[in-house]
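J.: Below is one structure. I have some questions about it.
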Amino acid sequence: MKKQRIVIKIGSSSLTNSKGSIDEEKINDHVRAIAALKKEGHEVIFISSGAVAAGFLQLGYPARPVTLKGKQAAAAVGQSLLMQTYIEHFADHDIKPAQILLTRNDFAKRERYRNAYATVMELIERGLVPIINENDSVSVEELTFGDNDMLSALVSGLIHADKLIILTDINGLYDSNPAEHPDARRFDYIPEITDELLGCAASAGSKVGTGGMKSKLLAAKTALSLGVNVFIGAGEGDDKLIQILKGNGDGTYIGQSDLSSVNNHRQWIAFHSPVSGKITVDEGAELAITENGGSLLPAGVTAISGDFPKGAVVEVYGPNGLAGKGQTLYSAAELEEVKGKRSDEFHHEEGIEVIHRNDWVSIKE
């Protein structure tokens, strides 16, 4: 089997018992499966939920807290308990785990985004298993990933993974809720995530987690757009992850074999960078940047909104609506001076492009 880079996301419901506390046997089962993958030569990045679930009972909460301060306090207690458990179980297989806690700002800030990539890659190259979780104890509610499903998709893109495996307590995607409809049919394979599928998916999470099936499909859609195929399902035993890679997993495979990876600069522009302004372009410019692989030139710019600096990321709108996002080579004030100007009106030593094609990402609304 070809050696692959695999991101594995395991949710709280697959790590805890009926009371919501850490289930040592479940964790041991997952660790053995990851160890089996490592033994085959695969690189593994582990997105683990469970910090809040591991900590809330320790704080005396009868159930998972719903307030931000309650969740953050539980995460502060639970994250260390969770990591200690992983360290002990991975030690049985001579594997060293490494903890990385991320916030949305770590992706939004360009330099921190690069640092996150460099750190994960260094750990992988040295044979460790990075265990990544959102830094729940300090995350601002408005600036979170939403749940670890989306975090796993963004991480899989960041490190150019070959596959994202999302393990859950449901063995794949069904055409209706199998708990309520015994005749529900499972999809063994779907090529893409459609709006119809998203509309059918239940959105509620479990009592010990935040991510329902809809969040997993949204994560899968994001991963596919970043060039990463996805598996959503369940599994038991030491070889469950190996069986998933072989195509024998108990769940749903999502995506096509010819997906193209997206470089990190474009990922940052598309999914993480703050938007500082808006540029409106004419039909010819819209066609050039969305269909013909061209750069945006001043001649096609018709309007500018926002006081953005050079190097900022802006949205670009054409006659058909949002065309995409790009990193501008002009400030708003500079662009006002040259908008509508033809290329032959520039001196040869001047830079012409408003947004270079390498700094552009098309977006379909």
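Yeah, the Cβs are placed from backbone N, Cα and C, and that goes for glycine too.
What Swiss-Prot records for this protein is below:
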BINDING   K9, T168, D169, T210, G211, G212, M213, K214, S215, K216  ATP binding site
BINDING   S49, D136, N148  substrate binding site
DOMAIN    276-353  domain 'PUA'
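I'd like these features described in context: how deep, what's nearby, how far apart.
T.: Sequence-distant neighbours of K9 (ATP binding site) (same chain, 6+ apart, CB under 8 A from its CB) are I47, S48, S49, N148, D149, L151, S152, L164, I165, I166, L167.
Annotation note: S49 (substrate binding site) sits in a coil segment as assigned by DSSP.
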J.: Under DSSP, the domain 'PUA' (276-353) has how many residues in helix, strand and coil?
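T.: Summed by class, the stretch gives 21 helix, 25 strand, 32 coil.
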J.: Measure the Cβ-based neighbour count of M213 (ATP binding site), defined as the other Cβ atoms within 10 Å of its Cβ.
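T.: For M213 (ATP binding site), the count of other Cβ atoms within 10 Å is 23.
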J.: Just jot down the residues in the same chain as D136 (substrate binding site), at least 6 apart in sequence, with C-beta under 8 A of its C-beta; none if empty.
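T.: Long-range Cβ contacts: A51, V52, K71, Q72, A75, Q79.
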J.: In three-state terms from DSSP, label S215 (ATP binding site) for me.
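T.: Note: S215 (ATP binding site) is helical by DSSP.
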J.: Can you check how the pLDDT averages out over the domain 'PUA' (276-353)?
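T.: In the predicted model, the domain 'PUA' (276-353) has a mean pLDDT of 91.
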J.: So how many other Cβ atoms are close to N148 (substrate binding site), meaning within 10 Å of its Cβ?
T.: 28
